[in-house]
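Structure, as structure tokens:
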Amino acid sequence: MLKTLRLFIFALVIVAAIPAQSAPLTLNDGEAVMGRFEQARYLRGFDKPILSEGEFFLLPRSALIWQTEKPFFSRMIIDEEGLSQAIKGAEVTRLSFKQFPGFKLLRDTLENSLSGNWAPLEEIAGTKLLPADGKYSLRFSPKTSGLTLPFAYLNFEIGDFLESVEIVKSNGDRDVITFSEQQVAPAADVRAKAESSKEKQP
Amino acid sequence: MNRAGLLIYLALLCSAVAIIGWRLQDGLPLDTNIVAMLPQSEDAEWVTRAEAAERSQGSNQLIVLVGHQDFETARSAALDLGKMLEENSIVKLIQDQPQQSTLTSLNELLFPHRTGLLGEGDRRLLAAGQEQVLIDRALVQILSPLSLADAELIRRDPFLLLPNYIAASTENRSKLLSRANVLAIQESGKWFVLVRGNLVGNPFDKGFQSRARSVFDDAGGKLEKRYGDIQLLKTGAVFYGEHAYRQAEDEAGFIGMISLIGIVILNFLVFRSFQPLALSLLAIASGIAGGLAVTLLFFGTLQLLALVFGAGLIGISVDYAFHYFCERFNQASSVPAARARAIRSGLTLGLVSSVLGFITLALTPFPGLQQIALFSASGLTLAYLTVLYAFPYLDRSAPFRHGEKYLKFSMLLHDFWWRAETRKWRWLFVALLLTAGGLGAMQITVDDDVRRLQSLPTDLQAEEQAIRHLAGIENQTHRFFVRGSNPEEVLQAEEALALDLEALRASGAIGSYRMISQFVPSKTRQLENQALVDDVLMPRLAEHMAAIGLSGASPYQQAENVLTVDQFTDANMPGLFSRLRVYKTPGIVVHAVSLSGVKDTARLAKLAEKSENVALISQADSLSKTFGAYRLRALIMLAVAYVVVWVFLSLRYGFIGAFKVMIPSMAAVALAPCLIALMGEPFTFFNAMSLMLIFAIGLDYALFNREATGDRQRRAMLANGLSTISTLLAFGLLALSETFAIHAFGITILVGITLAYILAPRAADLEHPMTEPL
């Protein structure tokens, strides 16, 4: 009996000694995140994926700045109202979420996932983050009724930060966006960095 | 003659009652639209027709925002409300949120024509040789993680011409967000969901107003029971119209009641008998029956203001009864027919003068004022017949034994004007009056703004303001109508107008504009667009396709025909454009161009003057202008009325004598606007119209003074005094009205009639009394 108890205690100690899989990082108030992205668009029937890469700056509850540097320089700012795309400082597109409400959900999803705010996504997805290979994953297929959504489902791969997201459209098109070099910093610093990054414009 | 007069009176009264019974079978056809009182528009016929067509399409909207903390609750309540309003035939709901099937069919319809459909910005870029911007835009949009385009669309339209065209032409400028098939906005933790519909009935029709209000209130009650704390913000002409009607009804009821109470008190106080009161009521009833019957017979409906002034008519028709019963103070005669004979001259001259004045009034082309004139003239005529021909048959009473003190008291004013010992006081009074009049004349300000005619209730205005703030839905104050002999001509005219409107938009004179050609360009414009795309953009297609990894032949096949407006039904055209299709008949097509954020109407008016096929529609501005023109015309008609009456009275008094009789009335008419200016009141068309009544009633007072001789003078003065009190009760109380037009009438008559009464004894001629009856 004593031997069994000792074995049980030993087992508990062993289990306790195994390092727990750390939870994804979450931004605190006043913090923002920035990093790099690589995107591959797989369009059905196209010869090759359309590749792009650049920097992103997430200022929670304010804006997501998506600065594409390759294949050419462009800058997209997504705020609460909609998105605006500019080339060489000149705006070429402005879309309001009032016109395309489905994008609002995608924008909120990107902001929540990049800032580690997973609870709302878990709630909509109806499942918790699933641990796998020292990381987490989440498959998100929005159930919201009535909205014409621009995607069928999303697959998230999460380490400390969001590492990749796969956006799958109902017609089979899919985008794979991989994130790297994420840094958390005060929002003012990230904002300043985003401003200075404009200078990369060739 | 007396018997014939009675028979004529009875026949007219029976006819009036029969006409009223026939016309009121379906209730009182009351029109509360003050605008309907105005003359037919001076606009071109095509504009008038287009406006009528717009009205028949139900251009009047009902807008409600349903608010609740929880979105789903607000949404369900809004859907329920819409359903209840539609099921009860109050509105036909507007599909602000296009269904997916509609969008799909729209895309299918537009897709073959995509190279001819360019937004104004794209068109300018291509024309300037800046096709790279469009190519870069397509690339940016294709690369975006929030991309509109899928593989199928990019393969068929690599430059993404159509999605950019649709995005540019159907831009939603309201603040509302499309969510779960409704339009909604969240403000301070509360969701507001929009319910919008075109009214099925006329918002100025009393029956429809009452029904709409009742259905709305009933629905509100049900929603509160079902969903709890629901907030409803509403706006629409039907609510304003219903309020205006209720206010007028309340005021007419109040004024009529005070007037009647005043008459009852006056009767008992002065005559101490039930009979004068009963016969006065007969005169009033006959007058109103006559006025109502003739108005309904000629116009079919009754204007709100005509009804309010119908209540006022009580005050005039009872004047005649006062003159008759004051004759009962004559102890020398106990024969009723003699009483009628004694007042016949004054009464007849007064009636004819009034009717002449009203006929002049009827010559103004304002239907509402014609109704007032007809109502008054026919009502007074029947009251006149009642007093002269029915009273003697119904009145079998002996002369009054009391009343000496009233007769003496009423002569005080007469003595003031004629006694030698009051001479210096008279001069002082006249000097004071002229000084006040002079000071007032310098302060007269003219105001023709039609927006002041209907006072807007603050609670409804606050709700409208809240809707504007929350939803960004703006009341459209101005719009253009554009005409052509076929749709192509109209679209071309719109495109020409758009060049000027762009300039106005850039300078801030307007906020934005909407026209059908922004969605379906003219054939000419589409062919130009196609040529631009072919010449400037297509040479870059292969390079662009290679950049995005797309191989194969050009997906841009030329459509056989251009897109036309006729390919759209109201169902498959976006709502904001389908509402701009106003009128189409062989040979005439009219489109509307909606404008928002208008800040400079003068520049818009100049645009409309450039082409006879473009008309600026602004009801408020054009009506204000019309009011100004007709205020002047009303004053001219007043002068004409004086000349006509002068000629008429000259037949009895000679030119000088007639002029003297008219002086008190003319002085009251001239001084009243000056004195009310001292009170800070503006001078409007309605003040001008009320001068017509002062003219007529003032002449009555003066004529009775002129016609009365000897002891009859005392009785005429007493009757005039009683008439003045009852007129002030009936008309003067209108000054309390919250409806600006009615208030303006009331305040002018209050001052004018008081002056007319005070000055009337000067019309007497003690040296040349009228001894011969008419």
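The count begins at 1 with the first shown residue.
Note: Cβ is positioned from N, Cα and C throughout, glycine not excepted.
Cross-referencing B:5-24, B:685-704 with TrEMBL places the feature transmembrane segment at B:685-704. Among the listed stretches B:347-366, B:372-391, B:427-446, B:716-734, B:740-760, the one sharing the most Cβ pairs under 8 Å with the transmembrane segment (B:630-649) is B:347-366. Beyond the ends of the transmembrane segment (B:685-704), by six or more residues, the same chain brings 316, 319, 323, 343, 346, 349-350, 353-354, 357-358, 360-361, 369, 448, 453, 627-628, 630-631, 634-635, 637-638, 641-642, 645, 649, 661-666, 668-669, 672-673, 676, 716, 719-720, 723-724, 727, 731, 740-741, 744-745, 747-749, 752-753, 755-757, 759-760, 763 to within a C-beta distance below 8 angstroms of the stretch. Counting residues 6+ beyond its ends, the transmembrane segment (B:372-391) has Cβ neighbours under 8 Å at 2, 5-6, 8-10, 12-13, 16, 279, 282-284, 286-295, 298-299, 303, 305-306, 309-310, 313, 316-317, 320-321, 323-324, 336, 339-340, 343-344, 347-348, 351, 354-355, 358-359, 361-362 in the same chain. The transmembrane segment (B:740-760) makes contact with the transmembrane segment (B:661-679), as judged by at least three Cβ pairs under 8 Å among residues 6 or more apart in sequence.
In this chain, the transmembrane segment (B:716-734) lies out of contact with the transmembrane segment (B:661-679); the count of Cβ pairs under 8 Å, excluding pairs fewer than 6 apart in sequence, is fewer than 3. Beyond the ends of the transmembrane segment (B:427-446), by six or more residues, the same chain brings 628, 631, 670-671, 673-678, 682-684 to within a C-beta distance below 8 angstroms of the stretch.
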